[in-house]
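Comments concern the structure below.
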Amino acid sequence: MREALNQGLIDFLKASPTPFHATAALAQRLEAAGYQRLDERETWTTEPNGRYYVTRNDSSIIAFKLGRHSPLQGGIRLVGAHTDSPCLRVKPQPELQRQGFWQLGVEVYGGALLAPWFDRDLSLAGRVTFRRDGKVESQLIDFKLPIAIIPNLAIHLNREANQGWAINAQTELPPILAQFAGDERVDFRAVLTDQLAREHGLNADVVLDYELSFYDTQSAAVIGLNGDFIAGARLDNLLSCYAGLQALLTSETDETCVLVCNDHEEVGSCSACGADGPMLEQTLRRLLPEGDEFVRTIQKSLLVSADNAHGVHPNYAEKHDANHGPKLNAGPVIKVNSNQRYATNSETAGFFRHLCMAQEVPVQSFVVRSDMGCGSTIGPITASHLGVRTVDIGLPTFAMHSIRELCGSHDLAHLVKVLGAFYASHDLP
């Protein structure tokens with residue numbers, strides 16, 4: 001089971017270079033399992049034991065299976081994650097022609113570790129909006145091949161490179177795509193038009209706009225002398241999206257279960273499809289009775305907010321509280337913060353720990369050092385919007401927000417097992 005899950009994750013990561021592609025990959029797997037797509041613009045007709053999903057902006061997705069029991073009776077079991085990861089996104093007018101090279105101007109999305117982006121074989125993917133036969137359409141594209149690179153400056157020309165060199169995102173991050181001769185002009189939108197034709201057989205009249213991100217073409221892999229680790233891009237937080245999906249598809253329950261994977265977590269979640277937007281609440285209100293019964297159902301429900309945790313790094317152990325250093329391959333981490341950067345409380349943490357113990361899954365705790373700031377997740381945002389009880393958890397990870405992150409190869413199976421038990425649980429606290 002562990003090897004199959006890990007390979008499934010690797011395949012999912014490869015299919016998901018952007019939030020758009022991740023949402024499409026999740027939808028494809030849901031439909032293969034019998035889930036029916038619902039359109040937010042249409043009237044919904046749902047049935048007990050039905051399986052459905054809905055997307056917004058092509059980058060956020062909510063999947064749910066309705067239980068045999070009324071949600072008012074037993075509440076809803078929700079798992080939340082996010083589809084986006086820090087990256088380099090192409091600017092609207094990106095063409096740069098300098099010293100005989102064609103480059104694209106980029107904007108840093110989220111809190112990316114920038115140094116690892118140098119000297120990597122990069123490709124480009126995302127969503128393109130275009131006009132065809134007088135109509136405006138959108139389509140996902142993925143060049144797949146390594147078409148760009150950001151070469152480092154040789155140390156001979158930058159003797160401070162190993163001494164805390166600050167990276168200027170405006171001047172040092174534009175990737176190189178090609179060389180050009182003389183006064184030749186390169187039209188990026190014409191390149192996108194050609195890609196639409198090659199990849200989808202679409203003859204676009206004009207490319208109107210796009211949302212495109214560079215990504216590392218190196219595939220994720222199980223690595224280490226004993227295969228102890230998984231290295232790959234976008235583990236934060238596609239790892240949790242995939243774990244939630246597998247738990248939803250394999251759990252057997254009479255209760256209503258929901259998986260929500262929001263976009264824009266890395267930039268604050270404040271969007272129509274982010275956790276700080278109305279998507280989840282609007283979806284639940286279409287499934288549940290209004291007024292008093294809606295509030296009662298939410299108060300009987302529980303959300304597991306799943307987002308990667310910081311594993312204790314052997315070279316930087318002092319960055320962790322000495323008593324709260326999560327280890328790779330030692331199970332999921334319950335994340336706690338007294339200032340509500342995480343939404344965990346004693347009741348929700350206790351219930352998650354109870355689930356882990358019942359499934360013989362190891363479990364750990366994390367709290368940030370008292371002299372350091374703490375990150376956050378969709379947990380507190382969703383809890384404040386819905387009023388739903390929440391526990392923040394995640395799998396220990398190294399190099400979070402790097403172009404290539406690292407997690408334990410045993411931990412995915414741990415997380416899928418406990419999330420499956422959560423979905424199947426008959427009684428919530």
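The backbone N, Cα and C atoms fix where each Cβ goes, glycine too.
Copied over from Swiss-Prot, here are the features:
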- H82, H156, H401: Zn(2+) binding site (BINDING)
Tertiary neighbours of H401 (Zn(2+) binding site) (same chain, Cβ under 8 Å, six or more apart): S85, P86, G110, G111, A112, L113, D236
DSSP state at H82 (Zn(2+) binding site), helix/strand/coil: strand
Binding-site residues compared (H82, H156) - highest count of Cβ atoms within 10 Å: H82
Collapsed DSSP category at H156 (Zn(2+) binding site): helix
